[in-house]
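Novice: Structure provided below as C-alpha cells; questions to follow.
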Amino acid sequence: MKYELDKTSGNARRGRLVFERPQGTFSVETPAFMPVGTYGTVKGMTPEEVRATGAEILLGNTFHLWLRPGQEIMRKHGDLHDFMQWHRPILTDSGGFQVFSLGKLRKITEEGVKFQNPINGERIFLSPEKSMEIQYDLGSDIVMIFDECTPYPATFDYAKKSMEMSLRWAKRSRDRFDELGNKNALFGIIQGGVFEELRKVSLEGLVNIGFDGYAVGGLAVGEPKEDMHRILEYICPQIPADKPRYLMGVGKPEDLVEGVRRGIDMFDCVMPTRNARNGHLFVTDGIVKIRNAKYRDDTSPLDPECDCYTCKNYTKAYLYHLDKCGEILGARLNTIHNLRYYQRLMAEIRQAIEDDRFDDFVVEFYARMGKPVPPLQLADKS
C-alpha cells in the first residue's frame, strides 16, 4: 500500500491509498469511510450492493472471524476476500477492542489477554503474535496492531501504563508481522486516553518502530466530544504527513466532518448500518426516524438530493410500511440509503478540499442541519 497526498485545505487532506492486489491496482480515495463487515458481511448487503453505494474498502473484525468461522475455514477459501467475495481492499481491526469490551470475562497480562469465548464459554488466549497470524490468514490489506483500548474514564496513571503496554505490544506486532513475511500494510494505534502528553509519547514510540499508517484509538469510547476534538487537534499535526491517519470507530456524520477538519483520512463505524436497521435514516438536513407515524402517508422520497436506489424508487410511506411489518426489505433499503449517504458525504468533502473551499463546506453542512459550527480549539495550520 502507498499513500498519495494531493492537496490540503487548512488541516483537511485530499489523497488516496493505492493497493496492488492479485486482481489489479485499487485506489481508495481519501478522506474515506469504511463500512463495517463484522462477520464477513455488511449486514443485509451483497458485495455488489455495498460497492454500488461508493464504498472502496471494507472493515472486517478479526476477533469475531477468529471465533467463527475460524482460521482453518478461512484458509480453505483462500482468505477473507475469497470467503465473502469482496476483492477490493479490506482493513481488519486487531481484536483488541472486542476483547477489552468483555469486561470481567477477560484477564490482561503482559503476554496478552485470556478470556472466555462468548460463544461456547471455553478459555482462549489472544496475543499480539496471534492477532498478526489471524490477520495474515484473513489476507487483510491493512493489518492493525494488537493494543489495549484505554477505557474512559481512566486516571493518568492507568492511561500511562496501558499506553506503555500497547507500545510493547506494537513492537511485538511489528516483529511477528515481519516474521510472517506479510507484504501488506501494518498500522500503529496511538493510545493515551484524553492526555495530550501520553498521546505524544505513544506516537513517538510508534514512529520509532515504523508503520505504514497511524490510527488514533481510544476515542469515541464515552469521552466528551470536546476531548476528542482536542486530542485530534493536538496529535494529527504530529503524525508524519506522508502516512494515512485513521480515526477508529467514528462516527456520526458530524464526527466525520470534524475529523477531516483536524486532518483525519480514514473512518469506520457501524452507525449507518445499525441505525438503518433501527429506522434512523441520515438525510441532507438531519435525521428521518421512519418509525414516526407522520410518515405513514408521506409519498415523498426519503431525501430528494440522494441518488441511491432507495430514494430513486420508494416513498417514506413505503419504508414506514416495511418497518411496521418487520419486513427484511425495509432494513435492506434503509441500509442502502444510509451507506450511500455516508459515501456521498465523503465525496462532497473530497471535492470541497480539491476546490479549496472546505471551510465553506463545513459552514453549509451545519447550516443545512440548523446547527452551529463547533469551534476549533487550536489554530488552523494553513
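Cβ from N, Cα, C; glycine included.
Model, not experiment: these values are computed from the prediction.
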Novice: For the substrate site that Swiss-Prot lists with ASP93, SER94, GLY95, GLY96, PHE97, GLN191, GLY218, give the additional residue from the candidates ASP137, ASP141, ASP147, ASP255.
Specialist: ASP147
Novice: Would you identify which residue of HIS280, HIS321, HIS337 Swiss-Prot lists as part of the Zn(2+) site it also attributes to CYS306, CYS308, CYS311?
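Specialist: Within the candidate list, Swiss-Prot flags HIS337.
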Novice: Between 249-255, 298-304, I'd like to know which one Swiss-Prot lists as region 'RNA binding'.
Specialist: 249-255
Novice: Of the residue ranges 13-17, 23-27, 273-277, 368-372, which one carries the region 'RNA binding' annotation in Swiss-Prot?
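Specialist: Comparing 13-17, 23-27, 273-277, 368-372 with Swiss-Prot, region 'RNA binding' matches 273-277.
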Novice: If I restrict to non-local contacts, at least six residues apart, and a C-beta distance under 8 angstroms, what lies near CYS308 (Zn(2+) binding site) in its own chain?
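Specialist: In sequence order, the residues whose Cβ lies under 8 Å from that of CYS308 (Zn(2+) binding site) (at least 6 apart) are THR53, ILE336, HIS337, ARG340, TYR341.
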Novice: What kind of secondary structure is CYS306 (Zn(2+) binding site) part of, going by DSSP in three states?
Specialist: coil
Novice: Are there any residues in the same chain, six or more apart in sequence, whose C-beta is under 8 angstroms from the C-beta of ASP93 (active site, proton acceptor), and if so which?
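Specialist: Counting only residues 6 or more apart in sequence, the Cβ neighbours of ASP93 (active site, proton acceptor) under 8 Å are LEU59, GLY60, ASN61, THR62, PHE63, MET144, MET248.
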Novice: For the recorded Zn(2+) site, enumerate neighbouring residues of the same chain (Cβ within 8 Å of the Cβ centroid of CYS306, CYS308, CYS311, HIS337, site residues themselves excluded), in sequence order.
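Specialist: Close Cβ neighbours, site residues excluded: PRO301, LEU302, ASP303, ASP307, TYR309, THR310, LYS312, ILE336, ARG340, TYR341.
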Novice: Between GLN191 (substrate binding site) and ASP268 (active site, nucleophile), what C-alpha distance do you get in Å?
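Specialist: On Cα coordinates alone, these residues lie 17 Å apart.
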Novice: On average, what pLDDT score does this prediction assign to the region 'RNA binding' (249-255)?
Specialist: 97
